[in-house]
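This structure is in structure tokens; I'll ask about it shortly.
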Amino acid sequence: MENRTDNEYQLVSPYQPAGDQPKAIEALVQGVRDGRHWQTLLGVTGSGKTFTISNVIAQLNRPVLVMSHNKTLAAQLYGELKQFFPHNAVEYFISYYDFYQPEAYLPSLDKYIAKDLRINDEIERLRLRATSALLSGRKDVIVVSSVSCIYGLGSPEEWKAQIIKLRAGMEKDRDEFLRELISLHYLRDDVQPTSGRFRVRGDTIDLVPAHEELALRIEFFGSEIESLQTFDIQTGEILGDDEYAFIYPARQFVADEEKLQVAMLAIENELAGRLNLLRSENRFVEARRLEERTRYDLEMMKELGYCSGIENYSRHISGRPAGERPICLLDYFPEDYMVVVDESHVTLPQIRGMYGGDRSRKTVLVEHGFRLPSALDNRPLRFEEYEEMVPQVICISATPGEHELMRSGGEVVELLVRPTGLLDPPVEVRPVKGQIDNLLAEIRHHISIGHKALVMTLTKRMSEDLHDFFRKAGIRCRYLHSEIKSLERMQILRELRAGDIDVLVGVNLLREGLDLPEVSLVAILDADKEGFLRNTRSLMQIAGRAARNLDGFVVLYADVITRSIQEVLDETARRRAIQQRYNEEHGITPRSIVKSVDQILDTTGVADAEERYRRRRFGLEPKPERVLSGYADNLTPEKGYAIVEGLRLEMQEAAEHMEYEKAAYLRDEITKMEQVLKKDG
């Protein structure tokens, strides 16, 4: 619980930079030191872009924001960077919604859609941990984020001012401390407190900080803090004594009572002006609607210090003038930080598009009396604001976009040679006629030599149909689509990497950045259908998924050689020639990238978040003697079956006590373990 202020990165890796990496590291580091605002790293798949950037980070020793365009890749980057920097603060900041339906109004149908959401508690904890690390004074902080980082947050100054600082032996009134906790949105739970909750037992307060997994025990003696101890909330095991403790707010929108009163007065004034305008235009329905909703929110703020949708009043709470950019995660970084934009050809356009969609939806809400005009200032950054805020940027992509190339002055740092000596996979064009039978035969060949395959279709329906066809043909197959939750996507990728499935079918979910060295075959159906998913950049990205395997091979099913296909063939030939020449000059024999099961589990570790939450919720963890299905591979058959019997007894007991959700969970665990044990036996 102590506040660390280490300022040095410690890069941990058994490897040394090789191939093009030393030259790229030197160029990027020098560019930052020379004050270059934008740089672009053009790195082919498997060239070690993450390792290269990790070396740059370690040499520059600055706080870093790493941006990715989706949660799956952010999770992978988070896992990899935690491996490279196990002794530093590597944090994770993505949207904490498992499901999110934004508030909206459809005038043509006169239909209001209320905001509906489901928050993932584990990701909320990781977000709070990220902001806590940034405000802790540490310099060795890496935050891996999606575009969530450009959306509004509470003020870092206000958030920092609310931090409760404790020290063993300090004077502190117990009741005053409890009131402070409640003002930081902590909730009392005297049974089994979880993240953001506390319990009181006489002069002892047990608290689970919102950004921590471990709990803090504060023992009072009169008006003095007698001791601070870190302990496991599940087992009660004391893990150590602390001299200091810092308790951060449980929510990211906080304001002290005085500022909240000022904000409420400003909201009242804006409401009065808006009501006068609506009534003068004879829009009485909108006026009544706005007054009812706003006064209800004000009453909630008065009584609780918080209301649902309080972020829509963030302009008043932070005291910003109308139209000023929102406060966001970038404001939590110190001045000397730098930004790394992964897969920049996708991430930068995504940042550019966020503002327009948000503005369009909220304008309708304001016009029809669902929100005050100030709600328009609860928004993501405009792209121009983002560019003004980022001090120095390194863009990473195998296929950089026009914007980053322009910003970098047309210069790129190239990573074409892989440390493993692997060449870009050969690309072959085959006719569409008979493509499914041909593809099935190709898949079976690659599975027979212990490899995996990715198959890309044009539509979700085609993916589903192809998935069903492969399953009937005896192929262990899964498909990814946009409705699968981010953490579940990571779990599916883990299944592919761990050998539970052999083929993944998808549309647009497997292109950028996925680290899948087991994949040796990439098949692209309808490759000659020119468009967003079949242009040069997309085809190069998809083909790159096979570039981490010595037997990598790409098949394009097409009847016409389009301009995009020809450019892919030409660029692949150019890169292969450079790579082959380098290997010959340095006596390098190409080899596949190999990762252990432990590395697979570590790099996809965020996918465990939901599972850990469920296990904690049902009291299934931690128990030293319990090893559930995710770890059954490490058991002897005798011990495995003994654990299954124990789980079966717990399942029956849970059913008898009508704890049906727990019983169903245990049933699924038993089934998974039996499958693993049967496979190994």
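Cβ atoms are placed via backbone N, Cα and C, with glycine included.
As annotated in Swiss-Prot:
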- G43, V44, T45, G46, S47, G48, K49, T50: ATP binding site (BINDING)
- 96-119: motif 'Beta-hairpin' (MOTIF)
- 435-601: domain 'Helicase C-terminal' (DOMAIN)
- 641-676: domain 'UVR' (DOMAIN)
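How buried are these features, and what lies next to them?
Neighbour density for K49 (ATP binding site): within 10 A of its CB lie 23 other CB atoms from the protein chains shown.
Computed over the domain 'UVR' (641-676), the whole-number mean pLDDT of the model equals 74.
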My understanding is the cutoff is Cβ-Cβ under 8 Å with a sequence separation of 6 or more in the same chain; which residues meet that for S47 (ATP binding site)?
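In sequence order, the residues whose Cβ lies under 8 Å from that of S47 (ATP binding site) (at least 6 apart) are G19, D20, Q21, L415, L416, V417, R418, P419.
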With every protein chain in view, what's the tally of Cβ atoms within 10 Å of the Cβ of G48 (ATP binding site), excluding that atom itself?
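If we count other Cβ atoms within 10 Å of G48 (ATP binding site), we arrive at 24.
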With the ATP site defined by G43, V44, T45, G46, S47, G48, K49, T50, which remaining residues of that chain have Cβ atoms positioned within 8 Å of the Cβ centroid?
T52, A398, L415, R418
For T50 (ATP binding site), just count the other CB atoms lying within 10 A of its CB, please.
22
When DSSP states are folded down to helix, strand and coil, where does G43 (ATP binding site) land?
strand
Would you mind listing, in sequence order, the residues at least six apart from V44 (ATP binding site) in the same chain with a Cβ closer than 8 Å to its Cβ?
A398, L415, L416, R418, D424, G544, A547, R575
